[in-house]
Amino acid sequence: MYRWDEGARISAAGSRGVEGLGLLVVELGRGTVKVRQTFRRCARNSAGCEGTRAIRAGHCGHANGLPQSRRAKCTSERCCPPSAAGVRGRPGLPLFAQPPCSACPLGFRVDPFTDYGSSLTVSLPAALQPHQPFQIIVRYTTADGPAIWWLDPELTYGNAKPFVFTQGHSVCNRSFFPCFDTPAVKCTYSATVKAPAGIQVLMSATQSSYLEEEGVYQFYMEYPVPAYLVALVAGDLIHADIGPRSRVWAEPCLLPTAISKLSGIVERWLTAAESLYGPYIWGRYDIVFLPPSFPIVAMENPCLTFIISSILESDEFLIIDVIHEVAHSWFGNAVTNATWEEMWLSEGLATYAQRRITTETYGAAFTCLETAFRLDALHRQMKLLGEDNPVSKLQVKLEPGVNPSNLMNLFTYEKGYCFVYYLSQLCGDPRHFDSFLRAYIEKYKFTSVVAQDLLDSFLNFFPELKETPCSTFLVLLIPGLEFERWLNATGPPLAEPDLSQGSSLTRPVETLFKLWTTEPLDSVAAASSVDLTKWRTFQTVLFLDRLLDGSPLPHEVIKKLSECYSSQLDSMNAEIRIRWLQIVVRNDYYPDLYKVRRFLENQMSRMYTIPLYEDLCTGTLKSFALEIFYQTQNQLHPNLRKTIQQILSQGLNPLPAIDTTAVTTDTPAMVLEDKVSEATNGAISLRDVNVSA
């Protein structure tokens, strides 16, 4: 793991928002995180306290669940109010209060909570009067945690400088700083970051400045956000403006590609979103492309979307992923689900808004094609998990001790989307529903909500849908469909959208699939019916996904498919190539296995390695997978390396040492010793489960 040559200092402070969050001072350096957290609130007689003189300060995250050292002290703002002086170079940017001289130690305790965090309770002084402002400063030191990802230079594209980024969703930021790590609590924050020369620092903040002579960056988020949306990235990053309120950040070698892909069109998406849902409230919308070690596809951090650089290969996936994060600016960031049990309130609404934006900018056919592709993946996940699985509910029950990240699945996105789409159909016109969502955002922005808030607002906006004046979770006018079943029934969506407007794009896919899977095979007719190079990416991946669902295929079919398409697919983007290679693996088609090796030798991204290793280990090719892994493991991030090791070790003794210098052949024939797994026919890769935030 890389350690900064100089200590990196990060400070953050909340200045308004939900009562209970406040000054945060974090020092990052030499492999440890030192934190000073100040909670600012007014004393109350009983509300919000344990007894009358205690405050439950949330979760202190740590790799092992506990801080290594802790101290707490209390200060009264009556004695020494915090400074509100402006930062040099940007007047009005809040600075941090210096610890007042009246600070006193406080009693506290750290209680077990779960394996991913502990509960911190601080006792307040008996002399503190009700409604008297006060601060609590918490200092602690912890080792590496799941929120902070340190990269050696060789794990970046430029191989020149180290890199660090944070990923807070869902509950990882408790390992970055002590916080009320729940989406129900929001606050503003400020941050001061000192980094070595040549390292650019960015955060999810509305204001920023840089004091070059001191090497200090200062940030301020003026709107309240939940803890998981506090984000930081630092590395060899440069930028270019791509619109009047947008710029793209990337490593120097990637910046020209990022500019060519996004210049001018992000503003088009923002304008379309504003026409539907009201003003964009966050000021700037910037994008930073992260190295392949970024563990998800994209993250909607306010003002600064994080996105994996690997997605630059595919224009259409890039479009959809960025527009989805744009939609989160309204649904998820401005209005947030108050509980992780109802993540669909962010993801389902953001997916609906994403598709409204793509319909406005790219037409209904393209939107329907992308929706068909995602709904196929939803039904694939249903096959994997089973229709009675409780995680398929929209209001999934979060049992004590369960990490909310484990509830992230396609039901959150696609079943949530189908419910929102259903609501839009009840009011008869999507534009009327747009008006409702605009009013919903205006009413609840900067707050957190539950499903009841959304549905009550919906029925108040469309009173004609009520059966009785006071009904809640009522049976609606369409027989058999009601809110209660949508929210609490397991299984697939109760209704899916009409995708007929996309038939011009989806029908050729269905026709080609039937040609290749109908017996007897007419390979000449199938091969001559379509030129894949003329298809959209989503058409090709939809076709390949359906071949994956039908695998293993007859040997004659896979042989002819390879003869017709393999060389064409070699020149296409990684989203297409990985699907073809999964078909190769699931069908044990040895002539193309060298392409699997070549692909994995050049990939460092979780999204393009995990699915192939899972498929290799499901069938007869586990030894081949071991061989490739031992050749490539040093180019993988330690977290990814550990995940692949877990996949490889399933059903095996501890992984044996392999002399990688002796492995030179491109054919796996000499190492194919495992028996075929009974699960081969029903194999469904976790690629069908992992989704972006």
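Cβ from N, Cα, C; glycine included.
TrEMBL has this to say about the protein:
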type	residues	note
BINDING	His324, His328, Glu347	Zn(2+) binding site
ACT_SITE	Glu325	active site, proton acceptor
ACT_SITE	Tyr413	active site, proton donor
DOMAIN	504-648	domain 'Peptidase M1 leukotriene A4 hydrolase/aminopeptidase C-terminal'
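Shown on the structure are the features that TrEMBL records.
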| residue | record | contacts (Cβ under 8 Å, 6+ apart) |
| --- | --- | --- |
| Glu325 | active site, proton acceptor | Ala298, Met299, Glu300, Thr305, Ile307 |
| His328 | Zn(2+) binding site | Glu300, Ser346, Ala350 |
| Glu347 | Zn(2+) binding site | Gly332, Thr412, Tyr413, Gly416 |
Per-region confidence, the domain 'Peptidase M1 leukotriene A4 hydrolase/aminopeptidase C-terminal' (504-648) (mean pLDDT, whole number): 95
